[in-house]
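Asks: This is the structure I want to talk about, given as structure tokens.
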Protein chains: 2
Amino acid sequence: MAATDTVRILLPGNRDYEIRIGSGLMDERSSWQGLPKAGAAVVVSNETVAPLFAERLRSQLLSVYPRVDLVVLPDGEQHKDWASLNRICDHLLGEAMDRRTVLFALGGGVIGDMTGFAAAIYMRGVPFVQVPTTLLAQVDSSVGGKTAINHPLGKNMLGAFYQPERVIADLDTLDSLPDRELRAGLAEVIKYGPIADAGFLCWIEDNLDALLARDKAVLGYAVRRSCEIKAEVVGQDEREQGLRAILNFGHTIGHAIEAGLGYGAWLHGEAVACGMVLAADLSQRLGLMPAGFVARLRALIERADLPVQPPKLGAERYLQLMRVDKKAEAGEIRFVLIEELGRAGLHAVPDALIAETLAAHGAA
Amino acid sequence: MAATDTVRILLPGNRDYEIRIGSGLMDERSSWQGLPKAGAAVVVSNETVAPLFAERLRSQLLSVYPRVDLVVLPDGEQHKDWASLNRICDHLLGEAMDRRTVLFALGGGVIGDMTGFAAAIYMRGVPFVQVPTTLLAQVDSSVGGKTAINHPLGKNMLGAFYQPERVIADLDTLDSLPDRELRAGLAEVIKYGPIADAGFLCWIEDNLDALLARDKAVLGYAVRRSCEIKAEVVGQDEREQGLRAILNFGHTIGHAIEAGLGYGAWLHGEAVACGMVLAADLSQRLGLMPAGFVARLRALIERADLPVQPPKLGAERYLQLMRVDKKAEAGEIRFVLIEELGRAGLHAVPDALIAETLAAHGAA
């Protein structure tokens, strides 16, 4: 894939932005031109990603900004917390960075969420750019302006809707991605099929081997199509008043698995993959989808070597964790369920039915 | 003043809201009707204000919400920090409050800023209502959607623009306000004269004694006129891209005093009062205003028994503290200066001139 694909997120109030997808974008001058002017830029990254890309990004940014700092955080979902967020803010304040300062999130979903949240609150808002280096961040978390940190009592519980200036998804950064993380990212790619595009689900089934083999052209299409679907949904419902919730297919149980096991035990994509299997099962139990769909989705997730078997936390613990889910209301747990292939909706599900699904999968 | 005054803040995106000003509003059913529906409300207050008003507010809210919790924080600017913010978030998460939950900020500016910020970030945003019980909060901080916490390196450095659903300013709550806090609030009332309304400055001069004697009708007019001016400014420039900065007249040096002495040593309004005297002096040194204006403003502030003499922190320390001010850019300190009576603007001021003003007031 030589060409650069561009997907545009359309938002009111002059906040449109571009997602650029392609090989070699990190080293392309144009990736970093036309961004807000500032006296300084700050690259936020983690201990794993910084050694790989931080100096390359810095040298590019130094052609645009007089000063480029680097803040390196510990790696992992378990560090997506107040302490890490404060390290970003402490650096900005310690260096007397003004409110034109541009932040660059160089890394996966955790770095993107934390850097975006820091940008949202530093001096009540400074501009930021997403430079996602994992498949999961390129297809999902870097796009759409959800930022957050975790709280011991729930995932992404403190955060803001805050849009980046641009997203630069350099496919070459995926070359160094561990297999486990690539597969975790595929979970979010798979997600877009059942919720929005039956044809895309078929395409993933047909191209899964090429995706796992990191065929650049196939990966490029997967990233672009995922971003197109997300852009359309976010453009219609930026602040998750309704439609946007469908992007959380698999996330209700997924978040409970992550919080229940302790953040970092399972990767986010792994938890979402397993959560989709159980949400598909709930869709069937509510008579929305046939058994064939559940088997099909489960088979695809198994082929991607992602978990289909939830950890045995007990039904009570699962229910307790899910009641603090952001989609819950008045104590009622709500799931994104598939209504037909390519269409999803939010459904309140009785505790007893959730317990049945959990028991059927050995989680209770 | 028997009647209720209503000032409307006009904002794009269906976010208009009302400031209601009057006596007895806390106990009026209509104050709490027509707010977003929810399964629970949470009143956030502090150790000083909660014993006075929390039960009265709770009993009113119980006619609207099935459940009303109370979170009581320590009192004082020195507690406007991560730790207090976390206490609000911990309560919300610990009680599994969903994202319809409505927060009520019952107190002064510190409680309003922290509760608003908690509302802005909890689950990426829940509704909140301001119930200001100090003059400063009624005329300034509860209106306009600026929320924040302090950082050891600077005041209000972490926060969000996040608008309340309504502001209920019950003038009767001012009856129990300590004299020192009443005067601190008058600093922000005085501020509106030089920056926006020369006639209002005359009115304050004519009515200062009645204000200090807490004449309810006079206080009511001061609150209403202050809110009208603020509403007009905020409606034109919600996110402080330009005009809104004029509301920070006196705040650049004021914030430096607060941070330099340690939060809570001086009240915010006291620091702003002193900051206005020095900013007026800078306006004169830059040839924008005559000496008579400086003397007139200083005399009014002295009559209100507010400080006109800055603490002796040394010029270097002042400059260092002011360089992290949110209005600073590229290391240049910018002040809101008076350009003519009733009109203000943002001006970059050379360090040497600032040092002169500081020295002339015994602060260097």
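Placement of Cβ uses the backbone N, Cα and C atoms for every residue, glycine included.
Whatever TrEMBL says is automated annotation, not expert-curated.
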Asks: Can you pick which of A:Glu188, A:Glu205, A:Glu316, A:Glu329 TrEMBL lists for the same Zn(2+) site as A:His251, A:His268?
Replies: A:Glu188
Asks: For the domain '3-dehydroquinate synthase C-terminal' (A:185-328), how many residues does DSSP put in helix, in strand and in coil?
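Replies: Result for the domain '3-dehydroquinate synthase C-terminal' (A:185-328), in helix, strand, coil order: 105 helix, 0 strand, 39 coil.
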Asks: Near the Zn(2+) site, what residues other than A:Glu188, A:His251, A:His268 in the same chain have a C-beta no further than 8 Å from the centroid of the listed C-beta atoms?
Replies: A:Leu136, A:Asp140, A:Ser141, A:Ala187, A:Lys191, A:Gly250, A:Gly254, A:Gly269, A:Ala271, A:Val272, A:Gly275
Asks: For the domain '3-dehydroquinate synthase C-terminal' (A:185-328), what is the mean per-residue pLDDT, to the nearest integer?
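Replies: In the predicted model, the domain '3-dehydroquinate synthase C-terminal' (A:185-328) has a mean pLDDT of 96.
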Asks: Nearest by CA distance to A:Asp75 (NAD(+) binding site): which of the binding-site residues is it, out of A:Glu188, A:His251, A:His268?
Replies: A:His268
Asks: Report the DSSP secondary-structure composition of the domain '3-dehydroquinate synthase N-terminal' (A:71-183) as helix, strand and coil residue counts.
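Replies: Reading the DSSP string over the domain '3-dehydroquinate synthase N-terminal' (A:71-183) gives 47 helix, 34 strand, 32 coil.
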Asks: Inside 10 Å of the Cβ of A:Ile111 (NAD(+) binding site), count up the other Cβ atoms and send me the figure.
Replies: 34
Asks: Of A:Glu188, A:His251, A:His268, which binding-site residues are close to A:Gly109 (NAD(+) binding site), meaning a Cα within 10 Å of its Cα?
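Replies: For A:Gly109 (NAD(+) binding site), the binding-site residues whose Cα atoms are within 10 Å come to A:His268.
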Asks: At the Cα level, what's the spacing in Å between A:Glu77 (NAD(+) binding site) and A:His268 (Zn(2+) binding site), rounded?
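Replies: That separation, Cα to Cα, works out to 8 Å.
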Asks: I'm trying to understand the geometry here, so how far is the Cα atom of A:His79 (NAD(+) binding site) from the Cα atom of A:Glu188 (Zn(2+) binding site), in Å to the nearest whole number?
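Replies: Answer for this pair: 22 Å between alpha carbons.
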